[in-house]
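**Q** Below are the structure tokens for one structure; questions will follow.
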Amino acid sequence: MAFASEDIAYHSSNAVYRVPSNRHEADQEALLGKPLDYPAPGLQRPEDRFNGAYIIFFCLGIGGLLPWNFFVTAKEYWAFKLRNCSSPASGKDPEDADILNYFESYLAVASTVPSLLFLVANFLLVNRIRVHVRVLASLSVSLAIFVVMAVLVRVDTSSWTRGFFSIAMACMAIISSSSTIFNSSVYGLTGSFPMRNAQALISGGAMGGTVSAVASLVDLAASSDVRDSALAFFLTAAVFLGLCVGLYLLLPQLEYARYYMRPVVPIHVFSSEDSPPRDAPSTSSVAPASRAVHTPPLGPILKKTAGLGFCAVFLYFITALIFPAISTNIQPMHKGTGSPWTSKFYVPLTVFLLFNFADLCGRQVTAWIQVPGPRSKLLPILAVSRVCLVPLFLLCNYQPRSHLTLVLFQSDIYPILFTCLLGLSNGYLSTLVLMYGPKIVPRELAEATSVVMLFYMSLGLMLGSACAALLEHFI
């Protein structure tokens, strides 16, 4: 994929984003009024030869979300492991039935709550622990957890399903925490790069979901044992996490990456009208240790990103409210026919694969089109308009349902169309928001701002997951 003059158009805090029409002149202004990036004397901006950095960030994006996606898409495996909790009529505590029936909601809560807490921790650690340490440590923890889950695949847990459920939730919480540290650290790193690299990382996350959904379909078709499928999931995730370690270690070897990863000036909050002091020190003279004593200024970052933050929270709130808790429980209208389409492949194909592929397409479009801009009033309007998707999904054939009995959309094509719309809108709008965030602040605050943007995202996911768990009980 060719990106002409990306170092000029997408450069750090002075990026001028591209739009296809002059009708949006207000959105074509520079994201910051004054240059805030000080190139080291004698250095010229190198080119990303063979798109090496772009490919690495794309792969790191896959590795960042692949663990969570493999956990979620292994629905048949969790149902198999928790099968003793499927019916309260079997003499089990009625609470056991909730473990299986609402497993996706519990999984989402176990994922989003620790994620939110560790984003706060990562914000405090931005200038205290090197990004190199945070990235490698988080990858190592995720790798260890997947090894544990792979071992548990062959362990008979039928006599202690509640214990296994607790272990699964704990593993999900640890995976989510380590993935949060990894994602926010790498995303913060891209804040110092041209904007196309952030787009690569974010699109890679959607590719991770697509890869896991395809793997789920292949395993369902090739294997009759859900344990074999789960083992393949977990081992694949472990291998890819190991690959991410190697790719991250390779990144600083690229001249292009070294240029943008060089130290920056100490934190000083500039306004969009301020000019940097003429005697500002060059980046090459700043000792890395000088950053260790500073905590990024939260107030100015929150003020600068308030509008984008609202969009991020609302976008991910609606997405988490629907996917996966609601959408995975929409059943085909002719489920009892015995067809593999209605019994085996419907949810993996029409929910996980379709949503993740649509999400990927939406994110990839932002490589060429960035409309509306970060200051446009249209952006929050589009984000809020997605609330219309919630009743559309609820009026499909959601099961089980005891209060809302009306099924308005009595055809399988409707949830497919709604899922495409959910994925496309989530991918396109959320990528715009996440790309814009680190570009409306000085370069030295880009990493901290990236963490704040992911905090907004996780807050939306947590609220959406919690509301989805409540909504399921009222349908």
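Just so you know, glycine gets a Cβ as well, placed from its N, Cα and C.
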**Q** Could you confirm whether, in Swiss-Prot, the topological domain containing PHE474 has the same name as the one containing GLN44, so that both are on the same side of the membrane?
**A** no
**Q** Mean pLDDT across the topological domain 'Extracellular' (221-230), rounded to an integer, is what?
**A** 79
**Q** Would the transmembrane segment (451-471) count as touching the transmembrane segment (52-72), i.e. at least 3 C-beta pairs under 8 angstroms with sequence separation of 6+?
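**A** Contact criterion not met.
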**Q** Counting Cβ pairs under 8 Å that sit 6 or more residues apart, are there three or more between the transmembrane segment (341-361) and the transmembrane segment (133-153)?
**A** no
**Q** Counting only residues 6+ away from its ends, which parts of the chain sit with a Cβ under 8 Å from the topological domain 'Extracellular' (327-340)?
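**A** Residues packing against the topological domain 'Extracellular' (327-340) from afar: 75, 104, 346-347, 351-352, 355, 393, 396-400, 410-412, 415, 419, 422, 472.
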**Q** Reported in the order helix, strand, coil, what are the DSSP residue counts of the topological domain 'Cytoplasmic' (127-132)?
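**A** Secondary-structure composition of the topological domain 'Cytoplasmic' (127-132): 2 helix, 0 strand, 4 coil.
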**Q** Considering only Cβ pairs under 8 Å, which range in 106-126, 231-251, 306-326, 415-437 makes the most contacts with the transmembrane segment (133-153)?
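**A** Checked against 106-126, 231-251, 306-326, 415-437; highest Cβ contact count belongs to 231-251.
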